[in-house]
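Below is one structure, written out as structure tokens; the observations come after it.
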Amino acid sequence: MDLQSGAAVALPELLIDSASDTSHHLDCLHFPLHNTTDSVMLQSSDNKTGRWSNLLLAYKTLGVVFGGLVTSPLYVYPSMHLNSPTEEDYLGIYSIMFWTLTLIGVVKYACIALKADDQGEGGTFALYSLLCRNMNIGILSSKSSDVNSSQSRCVLNEDNRQKSRLGKVFETSMVARRALLFIAMLGTCMLIGDGILTPAISVLSAMDGLRAPFPSISKSLVEALSAVVLFILFLLQKFGTSRVSFLFSPIMGAWTLSTPLVGIYSIIHHYPSIFKALSPYYIFHFFWRNGKEGWLMLGGTILCITGSEALFADLGHFNRSSIQIAFLFTIYPSLILTYAGQTAYLIKNPNDHMDGFYKFIPKTIYWPIFIIATLAAVVASQSLISATFSVIKQSVVLDYFPRVKVVHTSSNKEGEVYSPEVNYILMVFCIAVILIFGDGQDIGNAFGVVVSLVMLITTILLTLVMIIIWRTPSLLVALYFIIFFMMEGVYVSAVLTKIPEGGWIPFAISFILAFIMFGWYYGRQRKIQYELTHKIDLGRLGMLLSDPSVQRVPGLCFFYTKIQNGLTPILGHYTKNMRSLHKVTIFTTLRYLLVPKVSPHERIVVKKLGLRGVYACVIQYGYADSLNLEGDNFVSQVLDSLQEHIENCSSLPSDHMPVQEEISELSEAKTAGVIHVRGKARFHIGKSTSFFDRFMLAFYEVLHKNCRPALPVLGVPLPQCLEVGMFYEA
């Protein structure tokens, strides 16, 4: 390594670390960061979307958010194990689907869940993050959030000193915190499993329509064609949600309009009194007549609400109003009419349930509907793929997932992200599911497990948000929890019986993902624990510099750190090995803000640390910033900020060094050479280390080595800078 190289290099390895430390303020260094985020957020909030913008966004949501939900009629009835169904059976099934869509879709997700955003993000991990930000728990326990969701902020401002009893339980109980983390991880893994199964079952069900007019087409050919369609879909993901949604929204608009029209025709032609099934009486009568068989049929009925979690998880790609408008005024009525039409047809043709969608399509419009259905199935895959990108990004930012590459595809929406590695892994799994488990019923059984468990986990976390953050009256919380927990609990109990028949697939996927997340989390916790234990304060730094054996050599050195109440332990290893420190040393932290852009005058924040030639620097950037830390430009910007800071602080009595001399020293240091120092974590395994620690630390090192740092905005190559090894005692 050429220490005299004048080229500044970036430090992308610390990017996500700093992202996860969004609200770390270097308290001991007294950085003036108390109002930076708020001011930037105010600039961001001035550009609120108007009414027409919300309508445009609502149109775009059709191509991203609701694909999985609105195409569920393709596979709901074929996934049910119906044995000689009667008119009463079909009326009971439709009544169940109507009330499931109404209570879970409209009440739970559209009216309640969308209000539980975490800085505009939705989904299982967003709920966990929201709880962490408002309690002293989880990885955010030591952080003071700069920004919160709109629902949470008003509560905290009104009553910040009082905490709910349940919140205190989580803060004091390690078991409760770990249980909450486990639930959040399971929900996240299940949602990713949903992102694998939704494309598989949607495209396969749509392409299966070829076999009705052409009986000679084999099942294997349908599976191969489905795999090709999915391959093309995943290749389109790199263009971003906005472009994909503009391409897909007309397709979903045609589907959302055509299927209810066919449903209305079927109702008039086959069974005009179908809407009498809206009475809950038919649900009770259905279970009274069928008993256990009726309970088992819920494993297929639950698929009518599939994709509803994407309605919440894709919140970061759009906004609350646009999703509510699209769902309440287009998607929900379309599904109610489509299922009514299907059921009306099946009442008159009870044995056609295995092909319950294409059989109820009139022959004169069969092919146009088939084309729209196939294209809509492709779009349906998009909703859960986008949701998967969102939850992966949230997990990476919160430091619960290895640093995969996350690319922001929009300069206006922070939630619009794309991950190449995740995209191709999803593609491989989706195609494998189709080719290995080509039976639609097996995939439907697996799908039911995912859908029901994710909904149940969301209900649990939403209940905690209501109690701890929103302070909702106890009666309303109890009413919400009893209704939805019982409903979704019954669904879960039914789908768990399908584990031997394909239901094991999502459990296998979730186990692998959960193991990766826990391995990363375990290693990061051990690393953070070491750094906090061995951090260096300014007093110790002064002692190091007073040691005659440590020389102050010419040049400028950037130390990259993220310790909030001290300096990185890398400094001690560096001075021990190099026996020197540069005359100008800057401890630098990259700080990621959840805003589009950071104004230039707030981009770089500097501070003198009271020791000659030693400074601290925080570089703040937003998700749409084109930030380049390479070359002399970055170094010049930092030095200019330092010079301005030195001139402004020249009147302080603690400054014994003349201003011009200090500024001259900065220029000389830059001329002498610039180096950048980062830490390279390695774990030392001792003889007394347990087998569990050995295994988990080794697994973490594998993840750390093979998962490249995420570069959401920088777009710079891996750094070529000095690495100082840090050994962590296990």
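Keep in mind that glycine also has a Cβ here, set from the backbone N, Cα and C atoms.
What TrEMBL records for 58-538 is domain 'K+ potassium transporter integral membrane'.
Annotation comment: TrEMBL describes 554-728 as domain 'K+ potassium transporter C-terminal'.
If you look up TrEMBL, you'll see 57-78 (among others) marked as transmembrane segment.
Per TrEMBL, transmembrane segment is recorded for 90-111 (among others). Taking Cβ pairs closer than 8 Å, the transmembrane segment (90-111) reaches residues 69, 76, 80, 274, 276-280, 282-283, 285-287, 289-290, 294, 297-298, 301-302, 304-305, 308-309, 311-312, 323-324, 327-328, 332, 335-336, 339-340, 343, 346-347, 350, 455, 458-459, 462, 483-484, 487-488 in its own chain, all 6 or more past its ends.
Residues annotated as transmembrane segment in TrEMBL: 179-201 (among others).
Panel annotation: around the transmembrane segment (221-239), residues 199-200, 203-204, 207-208, 210-211, 247, 374, 378, 381-382, 385, 389, 409, 418, 420, 423-424, 426-427, 430-431, 434-435, 438 of the same chain, lying at least six beyond its termini, place a Cβ under 8 Å from a Cβ of the stretch. Residues or ranges marked as transmembrane segment in TrEMBL: 221-239 (among others).
Look at TrEMBL and you will find 246-268 (among others) tagged as transmembrane segment. Listed by sequence, the residues of this chain that lie at least six past the ends of the transmembrane segment (246-268) yet keep a Cβ under 8 A from its Cβ atoms are 59-64, 66-67, 70-71, 73, 236, 274, 330-331, 333-334, 337-342, 344-345, 360-362, 365, 368-369, 372-373, 375-376, 378-379, 382.
Listed as Cβ neighbours of the transmembrane segment (294-313) (distance under 8 Å, sequence separation of 6 or more from its ends, same chain) are residues 65-72, 75-77, 79-82, 92-93, 96-97, 100-101, 104-105, 109-110, 113-114, 122-124, 126, 191, 194, 198, 286-287, 323, 327, 335, 339, 380, 383-384, 386-387, 390-391, 444-445, 447-448, 451-452, 454-455, 458, 490-491, 493-495, 497-498. Annotation comment: TrEMBL describes 294-313 (among others) as transmembrane segment.
Residues or ranges marked as transmembrane segment by TrEMBL: 325-345 (among others).
Annotation source TrEMBL lists transmembrane segment at 365-385 (among others).
The transmembrane segment annotation in TrEMBL covers 422-440 (among others).
Residues or ranges marked as transmembrane segment in TrEMBL: 446-470 (among others).
The annotation transmembrane segment is assigned in TrEMBL to 477-497 (among others). Beyond the transmembrane segment (477-497), the same-chain residues lying 6 or more positions past its ends with a Cβ under 8 Å from any Cβ of the stretch are 100, 103-104, 108, 112, 295-299, 302, 445, 448-449, 451-453, 455-456, 459-460, 462-463, 466-467, 503.
Among the features that TrEMBL reports, transmembrane segment is placed at 503-522 (among others).
Note: the stretches the transmembrane segment (57-78) and the transmembrane segment (365-385) are in contact (3+ CB pairs below 8 A, sequence gap of 6 or more).
Proximity of distant same-chain residues to the transmembrane segment (422-440), defined by a Cβ-Cβ separation under 8 Å and at least 6 residues beyond the stretch ends, is recorded for 75, 78-79, 195-197, 199-201, 203-205, 208, 219-220, 223, 226-227, 230-231, 234, 237-238, 381, 385, 388-389, 392, 404, 446, 502, 505, 509. In this chain, the transmembrane segment (325-345) lies out of contact with the transmembrane segment (446-470); the count of Cβ pairs under 8 Å, excluding pairs fewer than 6 apart in sequence, is fewer than 3. Away from its own ends, the transmembrane segment (325-345) comes close to residues 54-55, 58-59, 61-62, 65-66, 69-70, 72-73, 76-77, 90-91, 93-94, 97-98, 101-102, 105-106, 109-110, 256-257, 259-260, 262-267, 269-272, 274-275, 277, 304, 311, 352, 356-357, 359-360 of its chain (Cβ-Cβ under 8 Å, at least six residues beyond either end).
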